[in-house]
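As recorded in TrEMBL, the features of this protein are as follows:
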- A:50-75: transmembrane segment (TRANSMEM)
- A:87-112: transmembrane segment (TRANSMEM)
- A:118-137: transmembrane segment (TRANSMEM)
- A:142-161: transmembrane segment (TRANSMEM)
- A:167-191: transmembrane segment (TRANSMEM)
Amino acid sequence: MEVLNTLVLAVLATGFLMVSRRSLDAVIRLYALQNVLLALVSFGLARGEVHFLLAGLALFLIKGVAIPWYLFWLLDRLEVSHEVEGYLSVSLSLLLAGLLTGLAFRVGAVFVLPEAPLPQGVPVALSLVLLGVLSMVSRKKAISQVLGFLALENGVFLLALSESHGLPLFVELGVALDAFAAVFLAGVLIFRIKGEMGHVDTARMRALRG
Amino acid sequence: MSWPLLAAFLLVGASALAGRGRAYPWLLGAGGLGFLLGGGALWGGEASASGFFLMLLGLLTLGLAPYLPDYLAHHPKEARAYAGIVPLFLLAMAGVSLAPPGFAFLFLWEGMALLGYLLVALEGPKAQEGARAFFLASRLSGAGLYLAFLGQGHLGPDWVWAGLLLGFGVKAALFPFHLWLPLAHPVAISPVSALLSGAMTKLGLYGLYQAQAWFGPPPGWVGLALALLGFLGAVYALVRGLGEEDLKGALAYSSVENLGLMLAALGGYFLTGAPLFLAAFFLHQVGHALFKGLLFLGSGALAERRLSRLGGLWRQEPFLGSLWLLGVAVGAGLPPGAVFVAEWALYQGLFAASGFLVLGVGALALVGALALYFYVRLFGLAFLGAARAEVRPELSPGMRGGLLALAVPLGALSLLPDFFLKPLAQEVYPNWGVFPLLFLTLGLVRWLARRPHRAYGTWDCGFPRLSPRMQPNGLGFSEPALRLFPFLRLEVGERPRLEEPLAGVYRQLGKAYSRFARLVQTLQSGSLHFYLLLQLLTLVVVLGVVLL
């Protein structure tokens, strides 16, 4: 249990770091690390059940290796600066992240189901979701929106892991593959945006209005 | 489901695919026959309102089957789309009448509304306003139904019935939600108008009637509101229709009037439970569907629809004239027409009722007198007198067949209403005594008409010959009556005009709504981050609700 507690806290720490770091390379690396940690949580909950092990393995391979690798490749091909551009300073983002995490921990207990195997994971999962949306809101480059979405998706995964005895294996695999497909399509879209407009700054796209 | 109904669904579905081929009228007609037989079995067996509606739909389909292909041949624009969508619309209506209350019902209801909107909107830019009114009314109706269906079990019966009254009432042109109908129905092509007025509006009535089985008995105020608004709407629509220049528009106002009487009959049934009201309710529905279908289909033969430009059609096309006369006589509530029988039952029910409802007798009498005036004006201006413009009615054999297919059941229904109302086990009318009376009347008319009439006028004041333009025009004929009713303002002058304050109220509401919508639109700044921020705030608020 102690180990699992530590792992979950480490996941939360990676979430915080993802909000505060200024370099896209670092954020991607943190994302990979977060997935490795989540895979470890999945192994820790397994207690000999095979589908937990397989799901963790798939998580590690798809989200821990394939997606970060693809994102690095994307960043290189796009030829844009690797700096995170946002509306908020580091300290302000951290402050907001702290507030959102506080909210998540305050309400988290309500969402715990009676037989949840990992009750301490629920507030962390909620914080990951909120932090993911926060980074989507506050950052300008299209690729940071993708990263925010991925962090959010990890929160959902952690929630499923802590509330139930794991989803069926096919669902887990499907979700992981879905995330990869979504990122792949987002990559294609970002290339198109770059081709059309010569930049990937979402703050300068304002045509979507009534 | 019985096999005639199953066959009907398949046949009508096949006709949607067949397009305008040779088999089209046969498929549609056989489908109509299936609806008639299957619905008749249901109605005769257990007096089910679904069976009743299917029967009514079958009768209309039988009239439409020979008419539609011939009509579309003269109407090259979008003919293929009409031929495909009309059967789908029929299927949707039949589906609504068979669906259990729940998601399937709502789905079919909205689908029916959407198909009806398409049928109106296909007419092009000149139908735009009508199509929009139809669409908005459908949205309003849907909102009411969602309130009722989703609120069932959570909200009290008052709320559920308020939702039902709005949802079904809008479709059945309940006053003051009736304004969309005279905008939308006349602009569609005539066969579609016949379907909309004849069948679709009846589904609103069907829903209100079925709702007492689905949602429990209505609270007392529902019946009172239906009776009050029904009579109010009937009088209002007739007076407004007296000032209508468009022939089909006037027919649409008459639909509102008839629906008002049916709603009033249903309200009386809710209040007292007397079977006479039920007899009036059902008989009036099928009578109205047939005579209004006949009149709308007949108006499809005319290229000109302005009453002040029509005239003398009787001499040009006596076939059309005599069928129209039949429809008009039934519509005006002359004995022994089906509408008269229904009103007769309604009178009897009202006389037997206690309290407030007795006042309905006066309202019904006023409606009867106005309806007579209304239809004399309509028929007289269009069919009698001298022709004012060159309007050559075009009636192909198929169109004649369609008109006859509606006129024959209408006559049978008028003479033998008790046969039709057998499932209700309620005698409305001593029908056999009608025949000698009818013959006597016809003989009297014939005898009076035989007398030689003078070809000159003693008191013609030096105008030996009236030119067609000296005949009364649309507003001129009804001007004395319009002056009696203060809720409409008649402006006489170079161009006489009828002002309708109720429409002005709706226009103001529409403007206020658009202003509000524009205010909300400022949220749509175009900034992606702002949209995302709104989502984050929503998420936080939803999480915060947990703390309460």
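The first residue you see is number 1, and the count goes up from there.
Quick reminder: no glycine exception, Cβ is built from N, Cα and C everywhere.
Annotations in TrEMBL come from automatic prediction, not curation.
Outside the transmembrane segment (A:50-75) by six or more residues, the chain places 24-25, 28-29, 31-32, 35-36, 38-40, 42-43, 82, 143, 146-147, 150, 154, 157, 166-169, 172-173, 176-177, 179-180, 183-184, 187, 190 with a CB less than 8 A from a CB of the stretch. Residues 51, 54-55, 58-59, 62-63, 66-67, 70-71, 74, 77-78, 142-143, 145-146, 149-150, 153, 157, 160, 200 of the same chain, all 6+ positions outside the transmembrane segment (A:167-191), place their C-beta atoms under 8 angstroms from a C-beta of that stretch. Long-range Cβ contacts of the transmembrane segment (A:87-112) within its own chain (Cβ-Cβ under 8 Å, at least 6 residues beyond either end) map to 12, 15-16, 19-20, 22, 119, 122-124, 126-127, 129-131, 134-135, 138-140, 163.
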